[in-house]
C-alpha cells in the first residue's frame, strides 16, 4: 500500500514537472512569435525591448494568468456543483461578467475608468454563480442544472446582443469583438488586473483539503465536518472574482475550464493537491498555444482567441458528453 502511494506521488510529481516545462516552452514561444519573429538572443536589442518587453510580455503574462484562472475555476465549479460538465463559459458565468461590463459602459456612458469596468464584470460573474448555486441547493439533477446554466448563458448573451445592436456607442461596437475573446489590447496598463488574479489563484491552489471533501459529495463532506455553507460561499466568491477579472482582461473564452480538468483527471490527477496546480499549469499552456495560433493564423489580422479555443474545445466537449452517456 505504501509502495503504491509512493508510486502515485512520484507520478504526480512527474506530471507537474512535465506541465511546468510545457508552460515554460509555451511562454518562450509566445515571446518569440509574431509577425516579426524575435529570438531570445535579440530580446535586449532596441527592437526586442519594444516588441518583447513592452508589447508581448504583458500580453503573455495576461494569457498565462487567465488560462490558469479559467482552468482552476472549472475544477472548482465541477466540485462545487458535483457536475463533471460545469465550467464558467458553459454555465453562463463568463456571459454574466460580460453583461456586467456592458451595463457599466451603458450606464457610465463610456466615462467609467477601467477599474470600475473590471469591478462590474466581477459583480456580473458573481451574480450568475450565486444563481447557479441556488439551483444546485434545490437538488436538481445534473442534466437540469446544466440546462439551467445554459439557459442563463443564453439570456446573458441575448442581453449583450441587444445592447450592442441598438447602441450607437463606439465602445459597445468594439466590445462585440472583445466579447469573442482576445488579448490584442492588453499592455502594462492592465497590470492591476493581472495582480488581482495572483493572490486568489495561489489561495485556491492551497485549498486542496476542502476541495477533496467537496468532490466526495455534500453528504460525505458534511459527515467529515466540512462547514459547507462557508466553503460554498467562499469558493463561489473566489470563482466569480477570477472569471470576472479574466473577462475584464480578455473577454469571454470558453472550454478551457471544461476540457483541462477533464484531461488531467483522465491522466490520473484526481487528488486536488495535484489537480489544482496541474490545472493552473495546463490551462496557462493551452491558452498560450491558442493565443499563438490566433496571432499567426492570419497574416493581416488576428483571430479572436475565443474562436480558437471553441474550435479546439468543442470536439473534446462532444466526446466527453458521449462518454458520459455510455
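Note that the numbers count up from 1, one per residue, in the order the chain is shown.
Backbone N, Cα and C define each Cβ position, glycine as well.
Small disclaimer: the values here were computed from a predicted structure and weren't measured.
As annotated in Swiss-Prot, transmembrane segment covers the listed stretch 61-81 rather than the other ranges in 61-81, 208-228.
Nonlocal intrachain contacts for the transmembrane segment (240-260), taken as residues 6+ away from its ends with a CB within less than 8 angstroms of a stretch CB, comprise 62-63, 65-67, 69-75, 77, 85-90, 93-95, 97-98, 100-101, 117-118, 121-126, 128-130, 178-183, 186, 190, 193-194, 196-197, 200-201, 204, 279, 282-283, 286-287, 304-306, 309-310, 312-314, 316-317, 320. Contact between the transmembrane segment (61-81) and the transmembrane segment (274-294) is supported by 3 or more Cβ pairs under 8 Å, counting only residues 6 or more apart in sequence. Here the transmembrane segment (146-166) lies next to the transmembrane segment (88-108) in space: the count of CB pairs under 8 Å, restricted to residues six or more apart, reaches at least 3. Panel annotation: around the transmembrane segment (19-39), residues 47-48, 51-52, 56-57, 59-60, 63-64, 278, 281-282, 284-285, 288-289, 291-292, 295-296, 299 of the same chain, lying at least six beyond its termini, place a Cβ under 8 Å from a Cβ of the stretch.
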